[in-house]
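Novice: Quick one: structure below, then a few questions.
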Ligand code: UDP
């Protein structure tokens, strides 16, 4: 399996619940390394730009409104099969459908306030990492 990088956000609801460390622990215990991290209270423009692929969707405005309610913790994760592994750890978009033991099953309240974001494919991972991080902010252990 290939070593991949993926982009992850701990959303405002999970930051407010003070579970950044618990979520980081799940990443690390499952073989994902945090190779960059940044805490940010996004502007509306940043949230709209980040979620531009969803701009025609009915939930777009609510999603942007929610993402700017408080600070988020964003990170780049690196490891074998990192994109799919992170999606498995996150669980389904709707926490009611998320498998037991996943981050969303344990920490999310609703489909809107669902604790985490994770890239869904290599192309989106690359775009999302580049949206918030410069190349020299990435600190892979191999460098
Ligand atoms: N979302 C929402 N209502 C919906 C579908 C999605 O509020 O009916 C939000 C939710 O926060 C989700 C984000 O939009 O995490 C992006 O949706 P996507 O389908 O890409 O889900 P994800 O990849 O985050 O599981």
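Every residue number used here counts from 1 along the chain in the order it is shown.
A Cβ is built for glycine as well, from the same backbone N, Cα and C atoms used for every other residue.
Just so it is clear, the model here is predicted, and its values are computed rather than measured.
Annotations for this protein, taken from TrEMBL, read as follows:
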- 117: active site, pros-phosphohistidine intermediate (ACT_SITE)
- 11, 59, 87, 93, 104, 114: ATP binding site (BINDING)
- 3-140: domain 'Nucleoside diphosphate kinase-like' (DOMAIN)
Novice: Kindly assign residue 59 (ATP binding site) to one of the three DSSP-derived states: helix, strand or coil.
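Specialist: The residue in question, residue 59 (ATP binding site), is coil (DSSP, three-state).
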Novice: Grab the ATP binding residues from the record (11, 59, 87, 93, 104, 114) and give me their largest CA-CA distance in Å.
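Specialist: 21 Å is the greatest Cα spacing among the residues binding ATP.
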Novice: State the Cα to Cα distance, in Å, between residue 104 (ATP binding site) and residue 117 (active site, pros-phosphohistidine intermediate), rounded to an integer.
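Specialist: The separation of the Cα atoms works out to 10 Å.
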Novice: Sorry to bug you, but what's the C-alpha spacing from residue 117 (active site, pros-phosphohistidine intermediate) to residue 93 (ATP binding site), rounded to the closest Å?
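Specialist: Their Cα atoms are separated by 9 Å.
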Novice: Mean pLDDT, the domain 'Nucleoside diphosphate kinase-like' (3-140)?
Specialist: 98
